[in-house]
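Asker: Can you read through this structure? Questions will come right after.
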Amino acid sequence: MNLRRKNRLWVVCAVLAGLGLTTALVLYALRANIDLFYTPGEILYGKRETQQLPAAGQRLRVGGMVMPGSVRRDPDSLKVNFSLYDAEGSVTVSYEGILPDLFREGQGVVVQGTLEKGNHVLAHEVLAKHDENYTPPEVEKAMQENHRRPQRADKDTSS
């Protein structure tokens with residue numbers, strides 16, 4: 001092997017090593033920003049495909065319904081404790097802050113936070129789901145004013 005090919009081989013190896021190191025560093029940096037979505041049942045029994053349980057201390061998002069009768073507010077602060085449930089189980093959630101206006105018992109919510117021991121989620125953010133059928137009053141009024149029924153396709157309009 002001549003000197004020119006040997007130098008080219010070293011350059012290619014250095015570039016590949018640099019790309020590998022860059023990829024590893026990017027993935028390591030993004031690891032802290034990945035929040036996996038779980039339901040309460042998946043926290044208790046694991047993901048359906050892998051049966052993998054989330055670890056205590058893991059950042060995650062949990063989606064479920066607020067269990068009726070479970071909301072407990074601290075009278076001296078903004079702390080709120082409640083339970084999220086689905087068809088397979090429930091988990092407790094603690095949150096300190098102002099809850100969304102649409103938050104209420106029996107309503108769907110998504111909480112983002114950290115899983116603690118005992119299937120307890122320390123939430124940093126609470127997002128309330130709104131009704132997918134909701135239409136603002138202004139839009140509904142405009143739709144009613146501009147609504148025309150389409151003609152039936154099977155009706156003969158030539159006569």
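Glycine too: its Cβ is placed from the backbone N, Cα and C atoms.
Annotation source Swiss-Prot lists heme binding site at H130, Y134, citing sequence analysis. Annotation source Swiss-Prot lists region 'Disordered' at 129-159. Feature annotation from Swiss-Prot assigns topological domain 'Cytoplasmic' to 1-8. Positions annotated as topological domain 'Periplasmic' by Swiss-Prot: 30-159. The feature transmembrane segment is assigned by Swiss-Prot to 9-29.
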Asker: The topological domain 'Cytoplasmic' (1-8): mean pLDDT?
Answerer: 86
Asker: Using a 10 Å cut-off, grab the number of neighbouring Cβ atoms around the Cβ of H130 (heme binding site), all chains included.
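Answerer: A count of 12.
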Asker: Same chain, outside the topological domain 'Cytoplasmic' (1-8) by at least 6, Cβ under 8 Å from its Cβ: which residues?
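Answerer: Residues packing against the topological domain 'Cytoplasmic' (1-8) from afar: none.
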